[in-house]
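**Student:** There's a structure below that I have some questions on.
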């Protein structure tokens, strides 16, 4: 029964993808069908959670059997994967429903659903696999779907470029991941989680550190950590529901999932943990600072995602893996609903993305506005919303492991989060609008209900924090005294509320933001994209040009030209044999037959 | 009882007669006749070996050879007729379109 | 004894007839000789206990295929003598003899030992029965493919020879059809 549920949960997204792919040219819209299949997948995942007793591994079939290397394609059901599959399928379900509305006018809507279904399938494999190779398979699968979906409107060259950038940067990181996997196999002789983790304590320190480092490089690419972060903001070129599903809730958190999954490796590599922690803090602040000045609706949310991923990495770095997973879980809900709200706004404003040109949308988009305010409040960590519990837990974990500096920096990050979230809300919904756009309208009711589910979860998902900790069962001791604990919470809440009040006061009226130097640097994303294009891209281009002009054109092409011409010249000689007279050809045939016989004859004589 | 060699030698001689026809003739229909003779020589060899070894497979193959010969003739005659309609001749030497 | 006589009689007749086929100048002689030669090969099949193939040989070859040739002949001038190749008259005979000798030598050389029979033909069931079992079990796919091949050949033959098969009569206007016929 459980096995059947696993199969249903895993393969109904694939079925949705295949069926949609078959109807790509048909005008019939398959959105509802796909949503139902994803819904089935969600229900099975939820039932798996309900009936869960002990973690177990279920082998579907033998995948590879080469020499000593044996690998079965298996599924591992344990608390981590259960949390992941439920989050993934729930958000995917709502994004599917939302897409029915959002992509309605697009003529290749079936292609869209086909990609989306494939993405969910790959993501399920990623989180359910019981070995590193299956994880890598899903890892590449989601990368592919991300590429397909970012470049979904490939008629526009910019979208294609953004898709390629995302894909190429992910390739760089995947090389690290792949090396990590090779290194694991080299040292433990297996890729099965259970066997690998059993062997890890026997390895030398440097080996573990190297493995952890390589795996972390892989996680950095997928989760868009510095210095591989540039693709995430550009990935917003894809359809907005895609941003909600892939680039906020699920795929980008795969890196965090990898860290949580292989926590037994990382727990033994303290030096890597320090790197992870500081990099996480850096990214949290770095991305938040860019979000503070950006004027692009989707980019702000994208940077905010980046910043929250930084928080998750900090949690992983200090060893609080269940906290990281918990933040992943709550973040998935409020971030995806923020993106979906952004989609509503774009739909109402005819794909306008500049928040400076919006304003006063509250009266037209009341429901969207309320949901987005809730999500933003949750993201900022206002008390008793889900983000409050998870983010606060990260701060506490950092504090309790002795990183006071990190606690302060994260607090600063939380204030920045509040600032940019409510700056967005105020500029979009409340600032009096300069232009009168009268015919804006909210999304249809079923979409709002679907978003409402996520809105409710943004409020309530945090309340289960204690049972969540017990369920995940990766021990992490918080040794903070109660009084300190309360003071810390108070400080955090006060800081957030002060920032909130400040933001509201500042953006009550449309103001001109100062164009200081810092502002320019932030708006240009610290000039990192320019730096990359000047250093790496130009260097690469020069190497490529050298290879093309010298090696390819002057050496290889010449060689093959000669080869081709020699065949051609030989052909000119042979052409004289063809007199086009069939009777002469028959003579050739028979003489050839005779020669064949003669060789046999001679062989027999000898 | 006649030995298998007798049948094989006979089939080789028939085959060579067909070959001779192929070389000497330049009428397309006569070429077809020659190929029929060669096919029959092969059939004879198949059947004789089959019956001497007591293995029915040879006869099965001969059966298929007959089927293929029948379809070959159907298409072949049609093509020759087309050629004849076009050029009023079925001389082999008239087929000269692909001179190198 | 009777078998030996039959074999030599048949083979000498076959060789003579086939020699006529490849040398005669008159097409009618050629076709008649070929037809009779094929019937005698069928006779040899009977000698070899392959009755079913013998019948097939006579029915399909001498009956069907030769009839097809005969029809083909009606389109050409059958009374006109066939032109022989004038040049290189010797070469065909040389090749003929060479191939014949070498091939025979190869076949009867002691180094090519014929394997001993693996399965004796069961004399209790008839040859046709046995062939049928074989064709419809082991060679069923090949049999079906041969059937399709024959069908394709039939359709191909019709398509090639009948004019205007590529036109649809339902879509052509009536007056055009009348003008054609």
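Positions of Cβ are set from backbone N, Cα and C atoms, glycine also.
Note that TrEMBL annotation is computational and uncurated.
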**Student:** Quick one: sort out which of A:347-366, A:367-386 is the transmembrane segment according to TrEMBL.
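**Tutor:** Going through A:347-366, A:367-386 one by one, TrEMBL flags A:367-386 as transmembrane segment.
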**Student:** The transmembrane segment (A:266-288) and the transmembrane segment (A:406-431): do they have three or more Cβ pairs under 8 Å, with pairs 6 or more apart in sequence?
**Tutor:** yes
**Student:** When you check the transmembrane segment (A:135-154) against the transmembrane segment (A:6-24), do you get at least 3 Cβ pairs under 8 Å, counting only pairs 6 or more apart in sequence?
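**Tutor:** Contact between the transmembrane segment (A:6-24) and the transmembrane segment (A:135-154): absent, because fewer than 3 Cβ pairs are under 8 Å.
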**Student:** Averaging the per-residue pLDDT over the domain 'NADH-Ubiquinone oxidoreductase (complex I) chain 5 N-terminal' (A:63-113), what integer do you get?
**Tutor:** 85
**Student:** How about the transmembrane segment (A:242-260) and the transmembrane segment (A:166-186): do they have 3 or more C-beta pairs under 8 A, pairs 6 or more apart in sequence?
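**Tutor:** Per Cβ check, the transmembrane segment (A:242-260) does not touch the transmembrane segment (A:166-186).
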**Student:** Mind checking which residues of the chain, 6+ beyond the ends of the transmembrane segment (A:166-186), have their Cβ under 8 Å from one of its Cβ atoms?
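**Tutor:** Residues 69, 132-133, 136, 139-140, 143, 146-147, 150, 196, 207, 210-211, 213-222, 228, 230-232, 234-235.
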